[in-house]
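Structure, as structure tokens:
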Amino acid sequence: MTKDIMDAVFIKEMAKTTSNLYRLGWDERNGGNITYLLDEKEVVEYLDVKQIIRTIPMDFDGKKLAGKYFLVTGSGKYFKNVEEAPAVNLGVIQVSEDGKAVHLLWGYTDSGLPTSELPAHFMSHIARLSVDPENRVVMHCHATHLLAMTFTHELTEREFTRTLWQMCTECLVVFPEGVGIIPWLVPGTNEIGEATSEKMKENRLIVWPHHGIYGAGKSMDETFGLIETAEKAAEVYTIVMSQGGIKQAITDEQLKALGERFGVEAKAGYLIN
């Protein structure tokens with residue numbers, strides 16, 4: 001007999017994270033989406049994986065993820081409602097063997113669907129798993145100050161990254177590889193998914209200009225913390241600029257010393273020798 005899925009750690013983690021994202025104002029209305037790669041062992045504790053509720057076609061070749069299980073936020077769902085009604089706003093899905101569809105095993109009880117950004121998420125999972133087999137989470141949100149920076153700051157990866165590194169001491173330690181930036185593209189398309197996943201091969205943070213940010217990590221906490229750290233730096237930058245601009249900041253020599261102390265190396269070419 002399977003356990004009650006409402007007691008599953010992965011459901012509780014997702015509910016808590018979506019609530020925090022809404023509380024912080026990073027996922028207004030139905031903005032934002034999360035996909036959480038699950039281990040089969042943890043899924044079968046709560047679900048009979050042979051009991052398929054319905055099959056949902058995809059306009060994307062997901063064969064590289066065939067057979068894998070994911071907990072996914074629903075299309076058009078409000079993050080503020082997840083904690084009170086997980087079964088309506090979330091779904092546990094399995095990618096079909098041919099990669100052309102997903103099987104719904106639990107959730108979306110109002111006949112809902114997975115997030116419209118599923119192709120971008122799945123492409124990002126494929127990219128991250130190719131360089132980090134332990135990657136489990138892809139998270140998209142509209143982090144306010146990072147979003148604002150895309151209107152006022154130079155949109156080159158090196159300069160954007162350097163500014164974030166210089167605003168908070170912990171930034172270099174948390175994301176030494178920097179942030180990736182794609183052009184503005186229509187959301188919910190394979191095109192934006194392909195652009196994002198290409199950047200995901202080298203970065204865990206991808207900025208969507210005038211829209212939001214994508215983050216990836218080994219756990220829900222790691223991924224949330226990654227975005228949270230970059231957003232804090234962007235907030236500090238916003239405050240600094242409103243106070244008259246930068247008069248002093250963390251120097252490149254100090255950033256190098258920081259990297260040496262914490263065993264991380266800044267992306268090649270981003271610091272001045």
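Each residue, glycine too, has its Cβ placed from N, Cα and C.
Under the DSSP three-state reduction, E117 (active site) is assigned to coil, being neither helix nor strand. Proximity of E117 (active site) to non-local residues of its own chain (separation of 6 or more, Cβ distance below 8 Å) is seen for N33, H140, P187, G188, G193, given in sequence order. The feature active site is assigned by Swiss-Prot to E117, with sequence analysis given as support.
Under DSSP, H211 (Zn(2+) binding site) is assigned to coil, being neither helix nor strand in the three-state scheme. For H140, H142, H211, the entry in Swiss-Prot reads Zn(2+) binding site.
Taking the centroid of the Cβ atoms of H140, H142, H211 as the Zn(2+) site, the other same-chain residues with Cβ within 8 Å of it are G31, G32, C141, A143, L147, P187, W208, G212, I213, Y214. Highest local Cβ density among the binding-site residues H140, H211 belongs to H140, counted as other Cβ atoms within 10 Å over all protein chains shown. In the shown protein chains, 18 other C-beta atoms lie within 10 A of the C-beta of H142 (Zn(2+) binding site).
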